[in-house]
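Peer 1: I'd like to ask you about the structure that follows.
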Amino acid sequence: IRMNDQNCQDSCRGGSKVSDFTWEVKANDRAFHLKFKKKLFLCWKRRKYRDNAIKTAKYNMLTFLPLNLYEQFHRSANLYFLFVVLLQTIPEISTLPWFSLMMPLVCLLIIRGTRDLVDDIARYRSDRMINGRPCEILMEKSFCKKRWRDIHVGDVVCLQKDDFVPADLLLLATSEPSSLCYVETADIDGETNLKFRQALIITHKELVSVDKMAAFDGIVVCEEPNSRMHTFVGTLEWKGEKYSLDSEKILLRGCRIRNTDICYGLVIYAGFDSKFLKNSGKIKLKRTKLDRMMNKLVIFIFLMLVVISLCLAVAYSFQVVDFQAKHSYLNEFHRNSSPVQEAFLVFWGFMILLSVIVPMSLYITFEFVYLVNSCFINWDLEMYYSPQDIPANARNTSLNDQLGQIEYIFSDKTGTLTQNIMTFKKCCINGLIYESADPAHSIQLLAISWRWNKYADENLIFYDSQLLEDVLKDEDEVAREFWRLLALCHTVMVDEKDGQLVYQAASPDEEALVTAARNFGYVFLSRTQDTITTIELGVERIYQVLAMMDFNSSRKRMSVLVRDPEGKIRLYTKGADTVIFERLQPGCPNELATEKALDTFAKQTLRTLCLASKEVEDEFYQEWSKRHHAASVLLQNRSQALEKIYEDMEKDLKLLGATAIEDKLQDGVPDTIDLLKKGNIKVWVLTGDKQETAVNIGFACRLLSDDMEILDEKEIQEMVEICSESNNNFGGVLNCDSRLQQQQGKLALVVTGDFLVSVTPPPRPHYSPPPIEDHPSPLSWVPLGHAFAKAEESQASEKKSSLLAMVGEHCRIWQAPEDLAIRRERAFVDLATQCQAVICCRVTPKQKALIVQMIKKYQKVITLAIGDGANDVNMIKTADIGVGISGQEGMQAVQCSDYALAQFSYLKRLLLVHGRWSYLRISKFLRYFFYKTFASMMVQIWFAFYNGFTAQPLYEGWFLALYNVFYSAYPVLSMGLLEQDMSAKKCLEFPELYSVGQKNQLFNYQVFFVALAQGVATSLVNFYVTVWAFTDTAGPGGICDYQTFAITVATSALFSVIAEIIIDIKFWTILSFLAVSSSVILYSLMSFLTQNFSAFHMAPTIFRFLDVNQNALTEPYILLVVLLTVITNTMPSLAVRLLCHIIAESESRRSYQDSRMEVSAVELTAHFQRGSFGRRSSYAFSHKEGYAELITRGTSLRKKDTQTIGGISSNGGSMPATKDSPDPRTSVPVKESP
């Protein structure tokens, strides 16, 4: 096989070639792999096969300083600050002391560098711990204790129970029967249930000793290293034979060996070539709207400074010309330079002088505010879930303010809105419905009813006396086959613990079904590779497994082909009702009754599943088995070929019945959704469930209400088609129809995944839509209840005609010409976003992400996605905010999320309380930070008009250096950390106020420019009031000098901004008081330290202001000037705030009185009529692929002594006596048992 360096393409694609499989691994031969090199850069090459050592740390002792500085100066702000500091070193243009700008920059670099160093030290320790884990490697003819870093591709390693898998291994053999290996993948996908891998039969039989392991020289040919965790295609060449390899033979790095004493594996991918590390790519950086806006504002401020500096430099050039004309005796000083050259130097002088207006310390304080607000979320006991000891966790510390701006929430249903704890609730057998009686009565009967069955699980609360009586009589063949199917057709693995059977299932649904069969006497006892052992009403039966056709999302069904003890071959199939009904034999009895039963189950929000079986002729099986084996060893398109083979077998089935499983709502979900809707947040539910189940869950959780207008798919599709063909959208539709205008805010959309596919099909050239009256919709989807249809046909027709007529007359035209597909997509989004609630059923994980992306693309809104399973990861990553629920489906959603919660109900507090507070704090923090900077630093510009535009600084250098770091930092920090405008209780009581963040009312460009104007006005007052006060004040007191003037302006600026924040703070605590007080204390303390005689004597050029504060601020006149400036700045601000507060309070009071309403509880029943039996089972679609292919390999999964567990006697003697009853119930009409 030819080797090359190209990465392997996905083997599942039809275009793959055999030459793509270029990864060749030879067992026990390190020298073989050293020959291969891979081009790195130009003529540099590296070894193609990596070793197993990993290095995620970025720095070492030599590279930390240069590399970290290099990374930090990649930020444009840091680069600008460094540029200004370098300019400051040029004597001709230096206008500030070196420390005034150097100190904030050094503080910023040190803080960020320390944080990076701490993070890197943690990575280094993690690398050292992982690389140093012990393992056993086959060296020569014995296993030697080594470290993970010593492993190479081609090595044979030995693992023991509870060991982590060090690299991607081909499983060769284990101590278990048929070389089965139990693994836990919690570190990979968060799933805690055990999974199973099994070695090839040939390696299991041949590699039975260390000597044979050492002599093993097989060659594995497979795909290049890739990130596809769940696929692997390759072959093992050994002793002249080729053996097919797939993902069920591979142990992935990061898995943990469980319940298996010893296993041996061949290293296929090591180190960063392993699939787990290939998936550890960079996560897309999420940035908030405020963060992006702040960067734009900083750029604006910089450009503003450039323009101001340029204007002042031009003014200087005119000033110097006029000065030279009036004072010719000073021309000697300007003989070597022209006015333009001097103006050029003054320009850079002003750039240095005004650079302090670009708030360098803003970046330091900003990150600290985000971090502490994240800690508040983590510490909130109201979001702590004590039953499982799970607190809220802010995994991303830079998105807190965006939690207060959410407009759309995209939620999964199962496990997010519901508990994902499945309970067997009802069943339909042979057309008859069986269900539990009153739950309290059922619990009392359970202890008595299951005494005959020692295997019964008492946790299953399902009891129907008539059903139990029929089962024990064993006279109904359909009922017998029904329960036998549940005991045989599954991928559940069984273990024994404390004398009881313990089932390990791929999903909670499957475990509930097998447990129900177990309680009714059909006990799944054990399995091997080719057999399943059950106890059926006390009689042990062993079935030979001939084939297992596993579930996947496209098949939506699972089948098992078995030979029973009587020698007959039978096929048992369970799956989604749509795919099962398509494969029934013609004239199947009880089909209509079962369809009606499925309707009933769906209306009660139950998850349904259809069961069917048939007997297979031996001749047909022999021919089918050959084709099945040929397809199973294909390297290319194996799964597609197998599906075609399965289709041939799964035909002409006999319907047995249906099951119904309940998945209850989580606590507090209805109240949470109700509050979110009042907060102007639109909630969309994206689920794989069927329409009826999802819609009824929508009513149960108050997402939908009785007064809502629910638009059906056919109507939506026709509107979208006409609107897109005419290049229009739905902008004016709702405002033109009086009926729909009354329903504004009460529209809902329910669509399927098939419909979403049809929204954006490939554009059809020269297509003109047919008249709606004469042609049906081109879609092949199942409409939402065919008949919204029959009961309201005339009303729907009138509504459709009305809407379609308005579409052509009252729509706004889009500006840019777009192709048909884009217009159709935009038209759908435009309609959907005008609805209060949207439910998307039958959507795949990819479609969930595309829906989120579609809303972000066209609506430019802040989105949040919340889910609990691996199928929600794409949606969580795509949304602006991703929230993971620690649910029953593992932790993968949590691991990819920005915030982790234990319950959906905690979302209301996360958004309405913490989100609102964070947005309020960050907004006021930014506004006040910009204001205080402009108020204190703009005086440098006004001072330029009095010093001849020479870029002379007004303030003391130390004041400039310490102003943003110490003097004014703590009040603004307290505002960013502690500010509240209302308590948490009030935030939840008045969710309508959440819209403040959605409308960006607290910080936007208008607020910024108002802060800029207020800052400029404050600086003008501080400067010119002081100028006015210092006019003609020369005298013995000496209070008119430059330094006293500078101190007076500086003190006025500091106290003015402190007074402003005192007015602005609405939530005072002891910490707020200390923060404000600390500003005054630090100003006094640092002024004393930098202006005393000792400091002046030590460095007179640095400490120039000798005792100026002490001299100036002890003068009553100066204090009165400071007081006058503070009052002058404060009174207008106070008056404006008071006026705004009065107006806002009156408007809010009227708004609350109009909008407050009581929402009555909605009963969990259906709210629409169904006229169609086209359904799809929510269970089958959401179920994961099981272990069928693994189970069918090997000779025994795990040996069990079936006699060790007490059960039903072989003669059935322990069964209770039953009363005489009528013949088995086989009638077609649907009747519920008492």
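The backbone N, Cα and C atoms fix where each Cβ goes, and this holds for glycine too.
Copying in the features that TrEMBL gives for the protein in this structure:
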| type | residues | note |
| --- | --- | --- |
| BINDING | Asp412, Lys413, Thr414, Glu510, Phe551, Lys574, Arg607, Thr687, Gly688, Asp689, Arg842, Lys848, Asn871, Asp872 | ATP binding site |
| BINDING | Asp412, Thr414, Asp868, Asp872 | Mg(2+) binding site |
| COMPBIAS | 1203-1213 | compositional bias 'Polar residues' |
| DOMAIN | 46-101 | domain 'P-type ATPase N-terminal' |
| DOMAIN | 894-1143 | domain 'P-type ATPase C-terminal' |
| REGION | 1198-1234 | region 'Disordered' |
| TRANSMEM | 297-318 | transmembrane segment |
| TRANSMEM | 343-364 | transmembrane segment |
| TRANSMEM | 925-945 | transmembrane segment |
| TRANSMEM | 957-978 | transmembrane segment |
| TRANSMEM | 1007-1030 | transmembrane segment |
| TRANSMEM | 1042-1063 | transmembrane segment |
| TRANSMEM | 1070-1089 | transmembrane segment |
| TRANSMEM | 1117-1140 | transmembrane segment |
Peer 1: Can you work out which residues elsewhere in the same chain, 6+ from the ends of the transmembrane segment (343-364), have a Cβ less than 8 Å from its Cβ atoms?
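Peer 2: Contacts with the transmembrane segment (343-364): 77, 80-81, 84, 87-88, 90, 92-96, 100-101, 104-105, 107-108, 111, 294, 298, 301-302, 305-306, 308-310, 312-314, 316-317, 320, 929-930, 933-934, 937-938, 940-941, 944, 949-951, 953, 960, 963-965, 969.
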Peer 1: Please give me the CB contact count at 10 A for Asp872 (Mg(2+) binding site), counting all chains in the structure.
Peer 2: 32
Peer 1: Under a Cβ pair cut-off of under 8 Å, which of the recorded stretches 297-318, 925-945, 1007-1030, 1117-1140 contacts the transmembrane segment (1042-1063) most often?
Peer 2: 1117-1140
Peer 1: What counts of helix, strand and coil residues does DSSP assign across the domain 'P-type ATPase N-terminal' (46-101)?
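Peer 2: So the counts come to 26 helix, 2 strand, 28 coil.
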Peer 1: State the residues, same chain only, that lie 6 or more residues beyond the ends of the transmembrane segment (1070-1089) and have a CB under 8 A from a CB inside it; answer 'none' if no residue qualifies.
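Peer 2: For the transmembrane segment (1070-1089), the list is 958, 962, 966-968, 970-971, 973-975, 978, 1051, 1054, 1058, 1061-1062, 1095, 1109-1110.
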Peer 1: What stretch of 925-945, 957-978, 1007-1030 shows the most Cβ pairs under 8 Å to the transmembrane segment (297-318)?
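Peer 2: Ranking 925-945, 957-978, 1007-1030 by Cβ pairs under 8 Å to the transmembrane segment (297-318) puts 925-945 first.
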Peer 1: Identify which of the binding-site residues Arg607, Arg842 has its Cβ surrounded by the largest number of other Cβ atoms within 10 Å, counting every protein chain shown.
Peer 2: Arg607
Peer 1: When you rank Thr414, Phe551, Arg842 by Cα distance to Asp868 (Mg(2+) binding site), which of the binding-site residues ends up on top as the closest?
Peer 2: Thr414
Peer 1: Where Arg607 (ATP binding site) and Asp872 (Mg(2+) binding site) are concerned, what is their Cα separation in Å, rounded?
Peer 2: 19
Peer 1: Calculate the per-residue pLDDT averaged over the domain 'P-type ATPase C-terminal' (894-1143) and state the result as an integer.
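Peer 2: PLDDT averaged over the stretch: 88.
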Peer 1: Cα of Asp872 (Mg(2+) binding site) to Cα of Thr414 (ATP binding site): how many Å, rounded?
Peer 2: 11
Peer 1: Among all the protein chains here, how many other CB atoms are within 10 A of the CB of Gly688 (ATP binding site)?
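Peer 2: Total other Cβ atoms inside 10 Å, all chains included: 27.
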Peer 1: What is the number of other Cβ atoms found within 10 Å of the Cβ of Asn871 (ATP binding site)?
Peer 2: 25
